[in-house]
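Have a look at the structure below, then the notes.
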């Protein structure tokens, strides 16, 4: 008799995805982040569900309901901070996951990569609408500033913004619909993640060498299940360190002030994981230009397969490209720093230079260096 896990209609799907899946024998810890993202998503959906049981999406009571969760609900404070810091962990894993894809040439799996980019946009949208819900000062003004960017769209811009707001300013209607979006989007993300996995399992995983590993595959369980559990434990350790010792480290103090449309905070800035894009947006002294640069800074990932000029897939044997990759990482960290600093003398020019460098590296320098490396290897 064959094993039930191989015959049962539901169990065989799980079996083929997580147990008997043929996996390359040499994938490093950088390949752990896919499963960590899955864990983050499950954690966010669960904590979010319990928060939604006590939250009210009304401008009069939203801020108070979050305070009530933290003060009066059993373990409400830990659920709230796990959800808030869980989002930060989600984005850390997401950025590493994308960086891994860039470094090892995983973007040559076109469908998997493109669904990944759609997932990135969806997660960013979810995080943005979620940040509005506590209805603090930064929630309100962040929502006002970011939604207002749509007014840069010619002809239909103003109507579009008022349609999204449900009125002439960010108000009760906006908060209610943002709560609805924030509730539904994680389930869309979960569905997209399954499609992402489906396409990945059509080709099998990439590996650090970028060379096909069909001749040397090992079963996913127990080898990578154990490896993923180790990653998960480290993720939870790091998350709980944040939650229990420094829950407000990554938050904004302004969000502990209830939203007030009559009082603008001196520095409006989003959560840390959007700062790089915010810096690119601010570095262009034109509204429409800034919005286009903001969208293009993420959308540029879709072009990666087209910009790949190297005859090797991975960067592991390409020291010049490696150097450029780490310059890109440093540039993104610089943009993140600039996004959180005030719009004044040294920061403006640094932000503009870092933004130019970002697009220059991806669109010009990387394809150019790859071609040079091909010639150096006399290919």
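Cβ from N, Cα, C; glycine included.
Annotated transmembrane segment per Swiss-Prot: 33-53 (among others), in sequence order, evidence recorded as similarity to another entry.
Using a Cβ-Cβ cut-off under 8 Å and counting only residues 6 or more beyond its ends in the same chain, the transmembrane segment (77-98) has close neighbours at 30, 33-34, 36-37, 40-41, 43-44, 47-48, 50-51, 66, 69-71, 116, 120, 123, 127, 130, 235, 238-239, 242-244, 247, 250-251, 271-273, 301. Per Swiss-Prot, the feature transmembrane segment maps to 77-98 (among others); the stated evidence is similarity to another entry.
Annotation source Swiss-Prot lists heme b b562 binding site at 83, 182, citing similarity to another entry. The Cβ of residue 83 (heme b b562 binding site) has 21 neighbouring Cβ atoms from other residues within 10 Å, across all protein chains displayed.
The heme b b566 binding site annotation in Swiss-Prot covers 97, 196 and rests on similarity to another entry. Sequence-distant contacts of residue 196 (heme b b566 binding site), defined by Cβ-Cβ distance under 8 angstroms and a gap of at least six in the same chain, are 112, 115, 116, 119.
For the transmembrane segment (113-133), same-chain residues at least 6 beyond its ends with a Cβ under 8 Å from one of its own Cβ atoms are 55, 57, 62, 66, 87, 90-91, 94, 98, 101, 106-107, 139-140, 142-143, 146, 170, 174-175, 178-179, 181-182, 185-186, 188-189, 192-193, 195-196, 199, 270-271, 273-274, 298-299, 301-302, 304-305. If you look up Swiss-Prot, you'll see 113-133 (among others) marked as transmembrane segment.
Per Swiss-Prot, the feature transmembrane segment maps to 178-198 (among others); the stated evidence is similarity to another entry.
All protein chains shown were included, and the count of other CB atoms within 10 Å of the CB of residue 201 (ubiquinone binding site) stands at 14. The ubiquinone binding site feature in Swiss-Prot is assigned to 201.
For the transmembrane segment (226-246), the residues of the chain that approach it from at least six positions outside its boundaries are 29, 32-33, 35-36, 39-40, 78, 81-82, 85-86, 88-89, 93, judged by C-beta separation under 8 angstroms. Per Swiss-Prot, transmembrane segment is recorded for 226-246 (among others).
The feature transmembrane segment is assigned by Swiss-Prot to 288-308 (among others), with similarity to another entry given as support. Same-chain residues lying 6 or more positions outside the transmembrane segment (288-308) and placing a CB less than 8 Å from one of its CB atoms are 98, 102, 105, 107-108, 110, 113-114, 117, 120-121, 124, 149-150, 152-154, 276-278, 280-282, 355, 358-359, 362-363, 366-367, 370.
Marked as transmembrane segment by Swiss-Prot on the basis of similarity to another entry: 320-340 (among others). Nonlocal intrachain contacts for the transmembrane segment (320-340), taken as residues 6+ away from its ends with a CB within less than 8 angstroms of a stretch CB, comprise 99, 102-103, 269-270, 272, 274-280, 282, 310, 347, 350-351, 354-355, 357-358, 361-362, 365-366, 369-370, 372-373.
Annotation source Swiss-Prot lists transmembrane segment at 347-367 (among others), citing similarity to another entry. Remote same-chain residues near the transmembrane segment (347-367) are listed as 279-280, 282-284, 293, 296-297, 300, 303-304, 307-309, 321, 324, 327-328, 331-332, 334-335, 338-339, 341 (criterion: CB distance under 8 Å, separation of at least six residues from the stretch ends).
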Integer Å distance between the CA atoms belonging to residue 97 (heme b b566 binding site) and residue 83 (heme b b562 binding site): 20
Residue 201 (ubiquinone binding site) to residue 182 (heme b b562 binding site) - Cα separation in whole Å: 29
In whole Å, note down how far the CA of residue 97 (heme b b566 binding site) lies from the CA of residue 182 (heme b b562 binding site). 23
Long-range Cβ list for residue 97 (heme b b566 binding site), cut-off under 8 Å, min separation 6+ in sequence, same chain only, gives 33, 34, 37
